[in-house]
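Engineer: One structure coming up, written as structure tokens, with questions to follow.
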């Protein structure tokens, strides 16, 4: 069953109220400039904040795995620790949207940034698996709040003619910052407190642009929900793809650095491997989205899944190969695999009416989050059974299954595209990545930060 509260605006279309719509000055600016092309000024401060935020998170995620390895944490403990992060993220995605509605985007972002900054420092005080697990849960919960605020902010300022460009820029900033965060691992020894201080400083710095620079946070809209059963029945490929991609890619997010450490790479090699996977995403993200607007999306998903599966097998076979070969295979794995979630989101947008896009996106986010939380645990078990390469063989099996499902699923006519400008899907952050679609515009007296 679908439970909904009628929003006063739904994806840019005004509901049947007697008085006319009133929009924010920022939205009026975006509309007036829409014919001229993409305008970044209303979201420039937000993108700067996102860059600092994900620099810190990219460094912290790899730092914790390397530090845990040095401290002798078992593979099972490390995988459980990372799964707690994704569990916290999933819980946050489920329960935090009302907070954004209540206090606004800027205060939501700033408040959870403070929580994430403090939590990063607590990892230094309590270097035990039993302590790090709840800390990772809290961190994931905090990042869910910040990502929800960020993506709803971007969607509120996006126009049909520029949405693909804006969200692609967001994806490049996100993945690029995360990749650079891996390189920061070389600044100081992982056993030292310096890197944890840098993480805390970066997360704290993320608050500065959106609070001190001119910014245009959006008005709020009310929410609607779509049950998992309805989502699976209406858009089975999107639901299956979001879950399977979470299982496959979540294993990498949680255990990728541990895999690199297990095959004997030093700190520089670990950061290079993680950065290569994310760099591949930067290279392939836009072309896959562009292609999916022009050919059936199920075929693009199938092709991307097969290419990522083949690359994952290549990574598993290259554990003793020269480092450049391993990096190349990793880049292809990430380049084709990480964008799959956003392609599935685009499929759901095609399958469902516009009035249910918000609930659909939230349902896909939860399915992906559940898969991402379970991925490190299953990936760690595969590593224990097969060896380090088992992590990527496990991912290859899931991606191959997804490709089969995508080929078997006949692509319906894109009813939504017949009436709207083409949309290019974007990478959700999770990382990664996640389009919450708390959209679009202000109606009457909206709440402002």
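Indices start at 1 and increase along the chain as displayed.
Glycine too: its Cβ is placed from the backbone N, Cα and C atoms.
Automated prediction, rather than curation, is the source of TrEMBL annotations.
From TrEMBL, here are the annotated features:
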DOMAIN    234-449  domain 'Major facilitator superfamily (MFS) profile'
TRANSMEM  37-56  transmembrane segment
TRANSMEM  76-96  transmembrane segment
TRANSMEM  108-127  transmembrane segment
TRANSMEM  133-154  transmembrane segment
TRANSMEM  166-187  transmembrane segment
TRANSMEM  193-213  transmembrane segment
TRANSMEM  233-255  transmembrane segment
TRANSMEM  267-287  transmembrane segment
TRANSMEM  299-319  transmembrane segment
TRANSMEM  325-348  transmembrane segment
TRANSMEM  360-385  transmembrane segment
TRANSMEM  391-408  transmembrane segment
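In terms of burial and nearby residues, how do these features look in this structure?
Structural biologist: When Cβ-Cβ distances below 8 Å are used as the criterion, the transmembrane segment (37-56) is approached by residues 26, 29-30, 109, 113, 116, 120, 146, 150, 153-154, 157, 162, 165-166, 169-170, 173-174, 176-178, 180-181, 184, 198-203, 205-210, 213-216, 429 of the same chain, each at least six residues removed from its ends.
Beyond the ends of the transmembrane segment (108-127), by six or more residues, the same chain brings 49, 53, 56-57, 60, 64, 67, 71, 96, 99-100, 135, 138-139, 141-143, 145-146, 148-150, 193, 196-197, 199-200, 203-204, 206-207, 210-211 to within a C-beta distance below 8 angstroms of the stretch.
Nonlocal intrachain contacts for the transmembrane segment (267-287), taken as residues 6+ away from its ends with a CB within less than 8 angstroms of a stretch CB, comprise 58, 62, 66, 168, 171-172, 175-176, 178-180, 182-183, 185-186, 190, 252, 256-257, 260-261, 323, 326-328, 330-336, 338-339, 342, 424, 426-427.
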Engineer: Any chance you could find the range in 76-96, 233-255, 299-319, 325-348 with the most Cβ pairs under 8 Å to the transmembrane segment (391-408)?
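Structural biologist: That would be 299-319.
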